[in-house]
Amino acid sequence: MDASPEPQQKGGTLVLVRRQPPVSQGLLETLKARLKKSCTCSMPCAQALVQGLFPAIHWLPQYRLKEYLAGDVMSGLVIGIILVPQAIAYSLLAGLQPIYSLYTSFFANLIYFLMGTSRHVNVGIFSLLCLMVGQVVDRELQLAGFDPSQDSLGPKNNDSTLNNSATTLIIGLQDCRRDCYAIRVATALTLMAGLYQVLMGILRLGFVSTYLSQPLLDGFAMGASVTILTSQAKHMLGVQIPRHQGLGMVVHTWLSLLQNVGQANICDVVTSALCLGVLLAAKELSDRYRHRLKVPIPTELFVIVVATIVSHFGQLHTRFDSRVAGNIPTGFVAPQVPDPKIMWRVALDAMSLALVGSAFSISLAEMFARSHGYSVSANQELLAVGCCNVLPAFFHCFATSAALSKTLVKIATGCQTQLSSVVSAAVVLLVLLVLAPLFHDLQRCVLACIIVVSLRGALRKVKDLPQLWRLSPADALVWVATAATCVLVSTEAGLLAGVFFSLLSLAGRTQRPRAALLARIGDSTFYEDAAEFEGLLPPPEVRVFRFTGPLYYANKDFFLRSLYRLTGLDAGHSATRKDQGPEVGVSNRSLVDGKDLGSVSSGAGLVVPLAFGFHTVVIDCAPLLFLDVAGMATLKDLRRDYRALDITLLLACCSPSVRDTLRKGGFLGEEQGAENELLFPSVHSAVEAACARREELLAADSAL
């Protein structure tokens, strides 16, 4: 056991603090122990495994019927009512029939009820994922030879087949119409994304989603919202334009809209204006008086009901050629295994889909868990969301994740547990079995308006950009880069750009952290930045240096430049000149003036001082998170150079991990007691030790 460099004083009594020896366990032993623990078969282990996979088994027996039931039923009914129009509307984004959105909402609510760890999050159709699914579906439809100008909704599309001028890429596809092939692509993509998420959950990779920072997610939501708005503009105007894909989709779509704006359907334009006015006004009033409203007003449902009645009795489709939702069948279709060939082709697209879905789900689950005082498991959330994609993929469903807007509605209407999801699923089931055909005459421009209004929250995030810039310019850059790339290039490229700039921002913050010389605060034992605070007392003939970041290969040169600039002494060059002798041009001029010495690389004509103005350099290692091999070599070279100049290098406030790295890296040498002479528990103790040693040396010289 290692003793600390000096005893700690407590109540006037000296207490010797000893560090416990670290428990060293090799990688093989650790893997064996974890494997043994995982493979242990017993009844308690089996029960814990089942309860871990299905948390509902744990909390359902503890359900407080009188306290929770009313709120869960109310929130479930409201969410179910909201889900129906949103599911039909979001089918436009995914390029699929509305019935598949209803299937997705039904199965996702039931599965997350059993497997989710969040009490409040609503998992189901999400606009951003619908957009990503729709883009892959459109691309694969084009590759398969289908006419890209045809849409999935509407009676005109029921007999849509392969374009006669195109060559199909799929053997036997001639018997599959457009809608059939579209759902094949969507289910294959969903199954692959779900498998990725389940695999991440099994491998305990829930922490990976946290690398998608909040500015990245907000910028991605903003850019994707602009893309969604662009894709719905043609439906609100009633203009038939080709569906653009790939680079610059947003720009090409707006150019096509401007070129064909004269062909707009007046009926769709008037209907869109009325629906947008009603929806936006109702949303603004709901936001303003939300504290007085016990239950949110289901404006979308009212708009859909009224619009469907007007469209049916006004015969808008027949008289004005306004496109409608078309036939929505009732009941469930037989399950089908997703096409393995398509799965391999969309495997890369499924990665971004899985990452975005899991990141939003985990971040929302953790956010609401913190605000309501309970905890969630990121790994179990991955399993839950993954199963919400894997199992429903066999029942003609597409990708799902947590949705912020519906989660907020659940909380506002009194949701207490995930039992509300069962109630929501029951409402969707009622529509699936009985009410779905009633939406036959619903205009698609109404659905587009519902989608656009649902983007209010994401589009409003642009107002947060100035405050984000004042708080952190690096995060603001990540936000702008992600959003701009989503809009100007593609959503997948936007996600990659966000990850790249996030890593670049992280590297920049660690590559050039703040460095400062410290001085003493009065007669206390605390030290602070001498450049930031007035009235501090610098220790005599001692330089205390602080580097607020890790020391590794990317910033080792910046570490040395900062130290040399602040202390006014380039130790490496000075030590070299001293070894070569006085003929190299040594000058008596001191370098303790704080001027920048520039690069650490060697150069001719460097002026080397004889009087440095200090005899000890103390490095405050409290902010030093870790050392790598390059950082260790830097400290060892620095100690060697200082020793050549008769300057002592001391380290203070080293964490146990840094101490271990120093010991294993040979910084402490082989001398007995070297750790007590080089490492100190505080900056003040290091300064006092340096001054005491200096006085001892001066006394010894005087005696001689």
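We number each residue from 1, going along the chain as drawn.
Glycine too: its Cβ is placed from the backbone N, Cα and C atoms.
Within the set 295-314, 635-654, the record from Swiss-Prot flags 295-314 under the feature transmembrane segment. Among S24, S322, S377, S587, the residue that Swiss-Prot annotates as phosphoserine is S587. Simply put, out of 185-207, 347-369, 382-404, 417-439, 477-499, 417-439 has the most Cβ pairs sitting under 8 Å from the transmembrane segment (68-90). The average pLDDT for the domain 'STAS' (532-690) in the predicted structure is 78.
Where the transmembrane segment (477-499) meets the stretches 94-116, 295-314, 347-369, 382-404, 417-439, the count of C-beta pairs under 8 angstroms peaks at 347-369. Using the rule of three or more Cβ pairs under 8 Å, pairs at least 6 apart in sequence, the transmembrane segment (185-207) is in contact with the transmembrane segment (382-404).
Most Cβ pairs under 8 Å with the transmembrane segment (382-404) belong to 94-116, among the candidate stretches 94-116, 347-369, 417-439. Within the chain, the transmembrane segment (417-439) has long-range Cβ neighbours (under 8 A, six or more residues past its boundaries) at 56, 59, 63, 68-69, 71-73, 75-77, 79-81, 83-84, 87-88, 98-99, 102-103, 105-106, 109-110, 112-113, 116, 118-119, 122-123, 304, 308, 325, 327-332, 410.
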